[in-house]
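Listed features, source TrEMBL:
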- 1-368: domain 'Major facilitator superfamily (MFS) profile' (DOMAIN)
- 15-37: transmembrane segment (TRANSMEM)
- 58-79: transmembrane segment (TRANSMEM)
- 85-104: transmembrane segment (TRANSMEM)
- 181-200: transmembrane segment (TRANSMEM)
- 220-238: transmembrane segment (TRANSMEM)
- 245-265: transmembrane segment (TRANSMEM)
- 277-301: transmembrane segment (TRANSMEM)
- 313-334: transmembrane segment (TRANSMEM)
- 346-364: transmembrane segment (TRANSMEM)
Amino acid sequence: MIITNIPFIVSQIMFFYANSIETLYACSMLMGLSVGYSGGPSSSYIGEVCEPKLRGALMSATNVFYYVGSLLFTLIYAITLEWRLTVLIGMSIPIATVVVLFMTPQSPMWLLTKGESLKAQRTLGKLRGWPSQETCSSKEFKEMIAYTSSVVYDEDDNETDQNGETSSWGQLLRPEVYRPFRLLVVYIFFANLLSGIQYGPYLVSVFTEFGAPVNVEFTLAFSVFLSTIGGIITIFLISKLGKRFLTFSTLSICSICYILIGLIGVYTTNSNPTTSWLILILFLTTTFMSSLGIMPIAWVLLTEIFPMKSRNITCSAGSAIGYLIAFFLIKYYLELSNLVNFYNTFTLFGISGLFGTVYFYFYLPETENKTLQEISEFFK
């Protein structure tokens, strides 16, 4: 996690001194690589160090920080009106992150896989705020020992490397790895599809097409605000309602709203302020509901559904596939819109979302307040 901040700092320095378009492109590529590189280890770490009852809420908070960061630096630029100064201020974030990470302990589970059980016990006690080592002999630590041991020393595992040890890559062929990985890919696809990520770069033209008499720039800012509020509410609801309920409810609402937008847009030939406002409200509803459920839950699942042995590989691969799905949805949205008509894309995505709801009803387990060992056993 420390190393992932280095290319980001370098890109910020290049950005600050940039004098050509080519340099700006290079900065953008380097920042993108840094963001993608950080997804795997950070998600893996959060899943390993958090208590089961707090894991969902704390991982959901990362989604809030994303939106708050966007709003913060938009505000800084609006005040300073100096983009180089904004970049200079932004450079403090990865530097501060590196300083904090140097004071952050290793994952107790990772330490257990390296045979450092005593250090893992002390680290877990530090993370939980336990006053004495006796308290560390808790049920949670014993479950960690069982979880890491069953993954690393599983007798049923026949995939070994040249040294005779269980291979991380060989683990990818096991049911407890490929089953959750398949679920994650499907979940990320529907989360991106119904959160409107494909409309993101074209929101100005989308809001203009809706025809509502609003300030487009203000509406864009308001949509980010709704996403932030939705993410904050998720932190408090996820432990009470569970991931299955939030997934079914938010995915269903987003799907129905998309279908209604498509039908109203296609069959209302004479546009008027009432229908334009209705379409805009339905779209903003999907923005709020997706940030309340399916989008943050997708990244929560990434941290908890994979076994210890293959966690780093699968978390990184899951993050990469998530970014690739977003890329292709954005890249080919315009071609699809030209092919089937602007409003028909909403209908198509909405109907797809209903199929996704049915799929998750049968294959999505409830992982809230479950230990990593219990989740791993489910997929076996």
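Placement of Cβ uses the backbone N, Cα and C atoms for every residue, glycine included.
The stretch in 58-79, 245-265, 313-334 that contributes the largest number of Cβ pairs under 8 Å to the transmembrane segment (181-200) is 313-334. Here the transmembrane segment (85-104) has Cβ contacts under 8 Å with residues 1-2, 5, 8-9, 12-13, 15-16, 69, 73, 76-77 of the same chain, all six or more residues outside its ends.
Within its own chain, the transmembrane segment (277-301) is flanked in space by residues 43, 55-56, 59-60, 62-63, 67, 180, 183-184, 187-188, 190-191, 194-196, 206-207, 210-212, 214, 219, 222-223, 226-231, 233-234, 237-238, 243, 246-247, 249-251, 253-254, 257-258, 260-261, 264-265, 322, 367, which lie at least six positions past its ends and keep a Cβ under 8 Å from the stretch. The stretches the transmembrane segment (245-265) and the transmembrane segment (346-364) are in mutual contact, each linked to the other by at least three Cβ pairs under 8 Å (pairs 6 or more apart in sequence). Take the transmembrane segment (15-37) and the stretches 220-238, 313-334, 346-364: counting Cβ pairs under 8 Å, 313-334 has the most. Here the transmembrane segment (346-364) has Cβ contacts under 8 Å with residues 183, 186-187, 189-190, 193-194, 243-244, 247-248, 251-252, 254-263, 265-266, 336, 340 of the same chain, all six or more residues outside its ends. On the 0 to 100 pLDDT scale, the domain 'Major facilitator superfamily (MFS) profile' (1-368) averages 85 in this prediction.
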